[in-house]
Amino acid sequence: MQDRIVRATAANGGIRLVAVLTTESSLEAKKRHDLSYLTTCILGRAFSASLLLASSMKIMHGRVTLRVRSDGPLKGLLVDAGRDGKVRGYVGNPDLELDLVKIDSNKYSFDFTKALGTGYLNVIRDSGIGEPFTSTVELVNGNIAEDLASYLYHSEQTPSAVFIGEKIQNQGIICSGGLLAQVLPKKDTDPLLVSLLEERCKEVNSFSEDLFQSKDNLLSLIKKIFPDIDDESISEKARSQEVSFKCKCSKQRSLNAMNMLDKSELEDILKKDGNAELVCEFCKNKYLINYEEIKLMIENQS
């Protein structure tokens, strides 16, 4: 199933609802970064969180960056997502594995809290106009969903509910995604809407299972929480949008990065190696900068 974002509203436009599926994007990241099951889930959660935030941006080239700086063995993460549905990212320790934690008599979960440890979630919103807006909040417990909800509460003062989860089987992750429900800014002082949001979200007992059952129809996932969504509240074109792992790196960007080195540094590379290989942190694509290209950079700085 193609990864996708689906949007809807409820309560006569007072509540915004967004659901996202990030299974294929998470698996692509696993392949590119050689992730463990644990880090695949963590990065998938961060993909879902960043795409949910980016979904509200008004311009298609708007972007959201999530960065976690913490003292846990994951060694942080960085994710970049666009309003266009493109997402990329990486973690500091891709092959991290930890013992599962028991959550009830027959269920176990990854230890996200131990993996991330204590630290901060940094959110950067870049609309492409003016300076990006940056906000930082302390990590709540490292499960990404509650950390994102904390950001929305403290930085945007928006009554929100965030659900993020995944489904794992022996072969690995088979489903990843999330859902965001928000009282819209002009309605956020309406106690009835805030109460409605709280009551509906209390009825969610197992989001990961709901996500798995609705992975082929995200609108049905939204309707499980808000069965009375507004009819035709959003145009069909705007309601559904494809999502994919996509990096912006290129050979030209690599050349530009090399060109920022001092002449002496370029000469040293030319003398020792004769060429340079640059590896993109986000997607692991490799770009070879050959002898002639480095020589031209040196000549241009002379």
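Glycine too: its Cβ is placed from the backbone N, Cα and C atoms.
According to Swiss-Prot, the cysteine that forms a disulfide bond with Cys247, out of Cys201, Cys249, is Cys249.
Neighbour count (other Cβ atoms within 10 Å of the Cβ, all protein chains): 19 for Cys283 (disulfide bond). Residues within less than 8 Å, Cβ to Cβ, of Cys247 (disulfide bond) and separated from it by at least 6 positions along the same chain comprise Arg88, Cys280, Phe282, Cys283, Asn285.
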